[in-house]
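Visitor: Right, I'll just put the structure down here and ask away after.
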Amino acid sequence: MHLEVVTPEEMGRVDRAAIAPGPHAGYGLMRNAGAAVAGEILARYAEAEGFFVLCGPGNNGGDGYVVARLLAERGLEVRVFADAGPATGSDAALALGDCPVKPEPLSAFQPRRAWLVVDALFGAGLKRPVEGGEAAIIAEVSNSGLAVVAIDLPTGLCGLTGKPLGSAFSADLTVTFFRKKRGHLLVPGRQICGDLVVADIGIADSALHAVGCKVWENQPPLWRPIWPKITAGTHKYSRGHVAVVSGGAITTGAARLSALAAARAGAGAVTVLSPANALSINAMHLTSIMLRKADTVSELQAFLVDRKPSGALLGPGAGTGGRTRSFARALLDQATEASGLVFDADAITAFRDRADVFFGMIRASAGKVVLTPHEGEFARLFPELQDGTGVSKVQRAQEAAERSGATLVLKGFDTIVAAPDGRAAINVNATPHLATAGSGDVLSGIIASLMAQGMPAFEAACAGVWVHAESGRTFGYGLVAEDLPDLLPEVLQRLFYKKVTPSAQARS
Ligand SMILES: NC(=O)C1=CN([C@@H]2O[C@H](COP(=O)(O)OP(=O)(O)OC[C@H]3O[C@@H](n4cnc5c(N)ncnc54)[C@H](OP(=O)(O)O)[C@@H]3O)[C@@H](O)[C@H]2O)[C@@H](O)CC1
Ligand SMILES: Nc1ncnc2c1ncn2[C@@H]1O[C@H](COP(=O)(O)OP(=O)(O)O)[C@@H](O)[C@H]1O
Ligand SMILES: [K+]
């Protein structure tokens, strides 16, 4: 499985590198692309009574002419619609020349029951909002309810941002080539694409080297090889010790959710640091998790010196005032290279008017730092990068990571993890069932735990986001945040399952 996710511009560079060898290599790739699309159509829509192929003026339209030819050569009923023809001498012009079906104008299009629409209007070359004749035909097809197969990208979907540019098709199936594009995975693009198939059209993997892609789909191969190992010599503190800062008497639940999640994710010891006024309520609800009083910075510092936790989490239920800010400073100041620090929820909001101070503290810290904002919290620290600016969610997270010096987890259905060095991952296994109070507290606890166990920040964040989402999917309807930590063992068994025979002796 290839996990790189490219931009349309990067794909263009890959295409150009692939077609450099000869004058007809471009048309060769186009024929392969069209054959891949036709193959998927025949496999999935064999019962269609006919095929409308809508072709644009560029190479996406060229792919469409290839599909039309291949379907027509099988004796199937095919009608092609196009307004502007391809540029003379282009690959698309060669494809049109080989196509036995004469194009009709878009205005002649009329839906017919049981026919399939093949969308080859615009793909990676979409440059401006879709309007006019193309917008009209998109509306007509949408109203007709006919199934749509999109070539490369549904027309109107921006392959970079995942957002529509003007009118856009909603496809049932999208067939793209070589690698997924960001717009296929970001919302709403992911929904607009329908099923997504990535076809091999003969471009060598090495063509990616020149592009230096640093964005991946978040899947276990990215981080499973460095998931913390346990052996016969492991003891509880060598598995990582996580400190979770609790809020006051009526906001303690969030920290306990995080603490339990940290323990379930493998930390050998977890301590809740509680204000005096919440000690008894925390004590009543904690069993394997330890508890220590920490009202002041000096009490926190004494704990850090005394117990040397390898991870800490500040934010869930912590409050947005001076205690949270001074605790953040103490954690960052005393961190070593082995320390993993997560700042979530209130710890992010506490710095809303002092973002640059916070970023300065993060940069000066020796620790591995992860910030886990949802869009609202993100906008408080990075108002100029908030959603709606036309910039993709991947780029917003990358810029925020670079600016803050922390690994960013920008949450949502399409959570982005971005490292300050430009690496980023797009998560794809979340379920809307995760939209429940406290679910983010569980996530931050898992990430703190994985860093405390030695994982680097980017991989810990990617792994945490994936197992958190997988837990949500495993439960489904009725999920509340309390369920998530208890689902982690099942998810981790599936992830690391090893067959054990009855006579096998344990070696590790
Ligand atoms: N070897 C390869 O390269 C391979 C590429 N492949 C295929 O090529 C596709 C990319 O092709 P592409 O670059 O020609 O872009 P494409 O999506 O056809 O659109 C460009 C045209 O549309 C126009 N236009 C844009 N927006 C518009 C709008 N809103 N409203 C109206 N017009 C608009 C734009 O006009 P212009 O701005 O130049 O005036 C230009 O004429 C890719 O998606 C894949 O399917 C495969 O064959 C595999 C091998
Ligand atoms: N619609 C959704 N689809 C998938 N995941 C979601 C959705 N809404 C929220 N989530 C996930 O649920 C978690 C919620 O975190 P957050 O908003 O911080 O909640 P809380 O503060 O209540 O703990 C995040 O991991 C987020 O990515
Ligand atoms: K298309």
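The backbone N, Cα and C atoms fix where each Cβ goes, and this holds for glycine too.
The model shown is predicted, which means the values in this text are computed figures rather than measured ones.
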Visitor: Report the candidate from Gly376, Gly440, Gly445 that shares the AMP site with Lys411, Gly412, Phe413, Asp414, Thr415, as recorded in TrEMBL.
Guide: Gly440
Visitor: Quick one: which of Thr155, Thr161 does TrEMBL put in the K(+) site with Asn60, Asp119?
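Guide: For K(+), TrEMBL names Asn60, Asp119; of Thr155, Thr161, the listed one is Thr155.
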Visitor: Kindly assign Gly440 (AMP binding site) to one of the three DSSP-derived states: helix, strand or coil.
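Guide: SS state of Gly440 (AMP binding site) = helix.
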Visitor: Of Lys127, His374, Lys411, Gly412, Phe413, Gly440, which binding-site residues are close to Asn60 (K(+) binding site), meaning a Cα within 10 Å of its Cα?
Guide: none
Visitor: Measuring CB to CB from Thr155 (K(+) binding site), give everything in the same chain under 8 Å that is also at least six residues away in sequence.
Guide: Leu54, Gly56, Asn60, Asp119, Leu121, Phe122, Gly123, Leu126, Val130, Glu134, Ile138, Ala168, Phe169
Visitor: Cα distance, Asn59 ((6S)-NADPHX binding site) to Lys411 (AMP binding site), nearest Å?
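Guide: Roughly 36 Å, rounded to the nearest whole number.
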Visitor: Can you tell me which of these binding-site residues sit near ligand 2, meaning the Cβ is under 6 Å from at least one of its atoms: Asn59, Gly62, Ala124, Lys127, Lys411?
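Guide: Passing the 6 Å Cβ check against ligand 2: Lys411.
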Visitor: Taking the Cβ of His374 ((6S)-NADPHX binding site) as the reference point, list residues of the same chain whose Cβ is under 8 angstroms away and which are at least six residues distant in sequence.
Guide: Lys411, Gly412, Gly440
Visitor: Can you tell me the mean pLDDT for the domain 'YjeF N-terminal' (11-209)?
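Guide: Its mean pLDDT is 96.
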